[in-house]
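Chemist: My questions will all concern the structure given below.
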Amino acid sequence: MARILAFDIGISSIGWAFSENDELKDCGVRIFTKVENPKTGESLALPRRLARSARKRLARRKARLNHLKHLIANEFKLNYEDYQSFDESLAKAYKGSLISPYELRFRALNELLSKQDFARVILHIAKRRGYDDIKNSDDKEKGAILKAIKQNEEKLANYQSVGEYLYKEYFQKFKENSKEFTNVRNKKESYERCIAQSFLKDELKLIFKKQREFGFSFSKKFEEEVLSVAFYKRALKDFSHLVGNCSFFTDEKRAPKNSPLAFMFVALTRIINLLNNLKNTEGILYTKDDLNALLNEVLKNGTLTYKQTKKLLGLSDDYEFKGEKGTYFIEFKKYKEFIKALGEHNLSQDDLNEIAKDITLIKDEIKLKKALAKYDLNQNQIDSLSKLEFKDHLNISFKALKLVTPLMLEGKKYDEACNELNLKVAINEDKKDFLPAFNETYYKDEVTNPVVLRAIKEYRKVLNALLKKYGKVHKINIELAREVGKNHSQRAKIEKEQNENYKAKKDAELECEKLGLKINSKNILKLRLFKEQKEFCAYSGEKIKISDLQDEKMLEIDHIYPYSRSFDDSYMNKVLVFTKQNQEKLNQTPFEAFGNDSAKWQKIEVLAKNLPTKKQKRILDKNYKDKEQKNFKDRNLNDTRYIARLVLNYTKDYLDFLPLSDDENTKLNDTQKGSKVHVEAKSGMLTSALRHTWGFSAKDRNNHLHHAIDAVIIAYANNSIVKAFSDFKKEQESNSAELYAKKISELDYKNKRKFFEPFSGFRQKVLDKIDEIFVSKPERKKPSGALHEETFRKEEEFYQSYGGKEGVLKALELGKIRKVNGKIVKNGDMFRVDIFKHKKTNKFYAVPIYTMDFALKVLPNKAVARSKKGEIKDWILMDENYEFCFSLYKDSLILIQTKDMQEPEFVYYNAFTSSTVSLIVSKHDNKFETLSKNQKILFKNANEKEVIAKSIGIQNLKVFEKYIVSALGEVTKAEFRQREDFKK
């Protein structure tokens, strides 16, 4: 008699379901946008952040140069105004025929300069003052910069200064086989001319020295001030306030990941896990001395190879550890850098940890050196340590590490040490009826990925809406899509795999047609495996003929790890075999079934080498029983990923639930046998298997409704269902030979599986509920993106688009294009459209509003007038003859009816095209197959991938109304609101 909520959480979707007393009460879908650039995966805020950073950098440089200009003007008795530019024009001091500053920098070493030329040399060096601190550059850029700096440093050995080097090597030198000059400065994405700032500072000092020798008179104070201002560097911020708190001691900060104690903890964890695995698989018991021998090797050198590990443990060189890959078992690159920078020392462990902490938190080199000076370090050590780059923290503090590491040194695993010390993760005792915002919980520091944060935010929004509508529940089941928590490149790889999988299925469908096979999921999979296995049986090595594929009884799809023991229904756990081989294998792994037959096993090993690595490992696995003992099946049933546990704990720790029955144990983890918990994280593997078994079609990823089907399955994936399903699969595997002998049909199995359906008529009931869903989308009201395009253009470039100079002036007046710093740019995003209606004609008009309008706090009041290409009409002033209706934002829900439609339809607003005065709209569920006759009139160019209508003219719409959709998909008409002004 439980009330259960279930969620299928993706990076841009939430599927949800609510069941009460085993009855499906409600389900729905929420779709939202990923907060990232779809092409690059970069944050949507990145362009603004980079632009803001560039503005600040340029402003600082301008202030620095202005300061220098004042100093120079005062010292050299020059006019400061001559060095200032106005309205983007060239400053007076730089007009006329002038010698290149590179040539002047060379001459400065050999002859007396004029005051004006000396001023230009100082300003030129100060403007492009080289690279100093590149700690915060990304790894790829940093590597290129360092390489170029080193190469140029070697070349500089033959010259007095940087200026002389650049002048003689590159100035007015032709490119090879070209009439173009070589670049003296770096161009975009070029690092060849990168010079260390220290060399430029040395050059300016040398020029001051030489000019004084040549008779140029200036004060020592002036020289010192110029050098100080020209090479001034702002102190970097301290980020200590951003460090999260310890999982066990909430008043303690987390330990730096690159501290010696943290390295010891990580090394101990890996070594203990390795020794325990050897104990379980080989029955070998290792002592505390063995553990210490391995640990000492790591702490001495920062590395431990697999070869060293085998030698220290007395294993043969050809022994292969589980997961062995590459040379190193443990490699701590940062630890190696740390011990190298330290050299010989007499520092305590605590001091070393504090030093690592300072390096991690203090990003300003001068401040860091001051902090390091309080330790027993010489200047060389301080200089070396200050160059290190440390970041990131563990989840626990030094205090916790100092408690657990002594027990781990005795050979206890981390969780065993925590249990012995009674260390428990701090939990929230103040449970709420509604889930609080993630950033108000002690998990707030665990996630910084904006894509994941958006998914968690939308999950909370839907969850709280359901709790408000239906009240408290007993349980919440969640499934996180595998792309949640992945970075953009990882998600792109997943998407590529999905597309390849889709293509392979479509190709197999065509092949089925050619061979006269029924087009069903089973035959499609058989054909895919047939091709992957190069037309050979995975266990016998016999050639599979086309006639074998056409005979339903000849071949079977086998689960490499028996499904009833693994719950692994993935493609990588399936092979195509002759029925006879499957009958022999039964409910066993390949090694358990055929390992005693050495000749056959050798053949299987050879065959497996031609298969994907993941499949190969499963086939050749000799230790599956050990994995079973380690809850391997549970891990396939339950999602143990970090991000899944995080969402689970966030929900469990802060939400108040209805009490579970007395015989349910809520103290056990959801992966432990006999556990009964309020929140469970289900595996996508389980959902996929039940989806197939209960007769739901394969996912159509273009159709949003599949998220709700998954949520329903998650809601009913309880222990009793899973057990019944497991028993059913076990019977299939164990009695395979007998069943085939009796020719039991697939229909018999379909009837048998009904015994573990949640209730009678389950599939149809779910499909009926799915048909009732209106997909919810949040309206995107917040202005975002750049104010205008980056490229500045000449006025003439717009003449063709707007019909000459007068047209461009008109376009500027209407805000179609913008003038910034005397140049013209295209608009940024249109984030809002205000809809008006003529009081007499009832025709609709649209006033576009861009991010630039929002930034300028100027509300446009002219509606777009349609014009032909190459001309521009006056837009229409929305005066007293027009009435304001509503504002549209991206994903606003509207009800529209064109003149050809029989009735109005709900659609989501996507965009407005000012050139055609028309809307772009989309169907809520993006489902092509269910388009009604009326909808087909609207979405006449729809296809399976997208149901979108473009060029919907607004003036003559019969119905044009705005609606509000809740997080649960409940639709209500929007109340009238006064037009919103930016100034309010």
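Please read every residue number as a count from 1 along the shown chain.
Note: Cβ is positioned from N, Cα and C throughout, glycine not excepted.
These numbers come from a predicted model, not from an experiment.
In case it helps, Swiss-Prot gives these features for our protein:
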type	residues	note
ACT_SITE	ASP8	active site, for RuvC-like nuclease domain
ACT_SITE	HIS559	active site, proton acceptor for HNH nuclease domain
BINDING	ASP8, GLU479, GLU483	Mg(2+) 1 binding site
BINDING	ASP8, GLU483, HIS707	Mg(2+) 2 binding site
DOMAIN	487-637	domain 'HNH Cas9-type'
Chemist: Nearest by CA distance to GLU479 (Mg(2+) 1 binding site): which of the recorded positions is it, out of ASP8, HIS559, HIS707?
Modeler: ASP8
Chemist: Judged by the number of other CB atoms within 10 angstroms, which among ASP8, GLU479, GLU483 is the least packed of the recorded positions?
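Modeler: Fewest other Cβ atoms within 10 Å, among the recorded positions ASP8, GLU479, GLU483, is found for GLU483.
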Chemist: Round to a whole number and give the Cα-to-Cα distance in Å for the pair the residue listed as 'active site, proton acceptor for HNH nuclease domain' and GLU483 (Mg(2+) 1 binding site).
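Modeler: Per the Cα atoms, the residue listed as 'active site, proton acceptor for HNH nuclease domain' and GLU483 (Mg(2+) 1 binding site) stand 25 Å apart.
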Chemist: Sequence gap of 6 or more, C-beta under 8 Å: which same-chain residues meet both conditions with respect to HIS707 (Mg(2+) 2 binding site)?
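Modeler: Counting only residues 6 or more apart in sequence, the Cβ neighbours of HIS707 (Mg(2+) 2 binding site) under 8 Å are ASP8, GLY10, SER13, ILE14, GLY15, VAL29.
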Chemist: Which three-state DSSP class does HIS559 (active site, proton acceptor for HNH nuclease domain) fall into?
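Modeler: DSSP assigns HIS559 (active site, proton acceptor for HNH nuclease domain) to strand.
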Chemist: What three-state class does DSSP give GLU479 (Mg(2+) 1 binding site)?
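Modeler: Strand, per DSSP.
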Chemist: Show, in sequence order, which residues other than ASP8, GLU483, HIS707 on the same chain lie with their Cβ within 8 Å of the centre of the Cβ atoms of the Mg(2+) 2 site.
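Modeler: Neighbours within 8 Å of the Cβ centroid, excluding ASP8, GLU483, HIS707: ILE9, GLY10, ILE11, SER13, ILE14, GLY15, GLU479, LEU480, ALA481, VAL484, ASP710.
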Chemist: Suppose we draw a 10 Å sphere around the Cβ of the residue listed as 'active site, proton acceptor for HNH nuclease domain'. How many other Cβ atoms does it contain, all chains included?
Modeler: 24
